[in-house]
Structures are given as C-alpha cells and as structure tokens.
C-alpha cells in the first residue's frame, strides 16, 4: 500500500509554502528522514524530510507551486511492499526493470471508437417579422442579436427596438493593456516583506530624528577589539548600545494591541536586525538580547546572518522581535 506524505505544519501559524527545489525524482529510493524537497514559506526556506522509506512514485507539485498545509506533497511505495512486489514479479517473469514499474499486461478488449462529436447547433437568427423593425434597428446601428424579444415565439417587436434605443446595452469593458515588462510572482519571503511593509505604513506612526554623534571612540574600541582577536564588530557594539537604551527607556520596547486597546510593554528584549540575502531582506531575531554579553551578541549576530544568507533559518528565528536595529552603513550613507 502506497504512503502519501502531505505538506506538514511548518509552525508559526504558516498555512502555505512554495516548492523551490525537489531533491528526489520519481523512481528514487528514499530513507526515513531524508530531505526530499526545499520549500519557502513567508518566513524562510525550509528543507522537508520524508517520514518513511521506500520508492518515490509521484511528486504532487512542480517547482513554483504554492501548496497549503495538508495538501499532497509526495507519494512513496514503502520498502516492504516494494520488496514483496519485486519477489512476485520475479517469479512471474514480468520483465519489469524497476520495482513497481514496467510494462503492463496488454488488454485483449478493444476500445470502441467514439463517434464523431455532435456538430454544434447553428446560431438561430433573431425573428423579426416587420421590415419596419429591421429598418429602425439598422438606422440606429443596433445588432438585432443583442435585443431581447418580448413578442410571441421570440419575435422582436418595434417596442423592443425602441427600448434598446433609449437604453442601449452596456458595451463590454475593454481590457486595459498591461505595461510591457517582466512579471515576477510575489511569493514566499518577498510577499511577506511586502505585506509587513504595507502593514507598518498603516499601523506604525512615522517619526524621524537626525542626531550627529562623534563615534571616534567607538571606532577606536572596535579596532582595539579586533587587534585583540575578539570577533566583535561594529554591529555588535551598536546592538549593545541599543539594548542599554531600551532598558533605560522601556516605552520603546513596546507595541500596541489594537484589538484590546492596550499598550504591551515587554519585559524581555528580542532584538531584530536586517540581513540582506539572495531571497531579499529578512529580519532575524536575537532572543533575550538583554541577557547576553557583547561577545555573545556578536556570536549570535554572526550565526543568524550566516544562516539567513544560506537560507537555513528556521521560521521561529524570524518572529517575536520587540525592536529592530538597522545598519545603513553598507549603503555608504552618513
């Protein structure tokens, strides 16, 4: 009996994922917990293992397909069933090359040829008895086939034409030509980023302030740490400063629960930071940043950045942030 593996619940309330790349093909043999497909959710790229061993019979989705949780993903012929079938086929001499595949038994019955499809019924011309009605319609540029008849046996009367003149039928809406250019589907993390940005513009008030700070001593400290073989960069130092500021001003480490009309002030600091990847911008989260030393912050920032660029971050590493730190230095700005 074949086993059907459906797209599992990937956590964090995610309801769908896009198939990015299959690691196996029909006919391949898979082991328990072998990675068979890479999918991308609104949070991250996830490698999905199969929970049983056997021969792959069918891949239920091509790359680029968006599947909902619970939809068929891959069909596998279990090991025991495959082995039993192979023994039976070997005894019968069926000549199958692969387990579960091969030539089928020819059927002696012939399929009846289906008759020719019935010809479509010819369009029935509108019934107009009066030449006067035809002339009125012609003079006013009316198509008789578009006029609903009210006379007996479907006859178009003069009043029908006059009604069509007073209340002409609306012309079908013409399709607006689309602008030429490449169209790229908005899926996975890109769609999530677009949704988040749109939501932030409607729910988060904008406030901008400009402050010039003399960072001479900060840069000197960074260089001194590097000379001492301490893997602590500028972002880690800024994260330490940010955490200290949030502990001093906890109002900044808060959010608004609009459903309950309450301000939620967090007693922990989960520090998000922007990381550029091949799939777009993501925001990994350093959990409990307030409990870390500067060296621990630096190590966690490095780990999350590396996994983000490799596309191996789990979905829960991209959620739960209470404050976000952005570093615009890579863009060459002051």
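Note: Cβ is positioned from N, Cα and C throughout, glycine not excepted.
On the 0 to 100 pLDDT scale, the model's mean across the domain 'Lipoyl-binding' (2-77) is 88. Annotation comment: TrEMBL describes 2-77 as domain 'Lipoyl-binding'.
For 128-165, the entry in TrEMBL reads domain 'Peripheral subunit-binding (PSBD)'.
Annotation comment: TrEMBL describes 97-124 as region 'Disordered'.
Beyond the ends of the domain 'Peripheral subunit-binding (PSBD)' (128-165), by six or more residues, the same chain brings no residue to a C-beta distance below 8 angstroms of the stretch.
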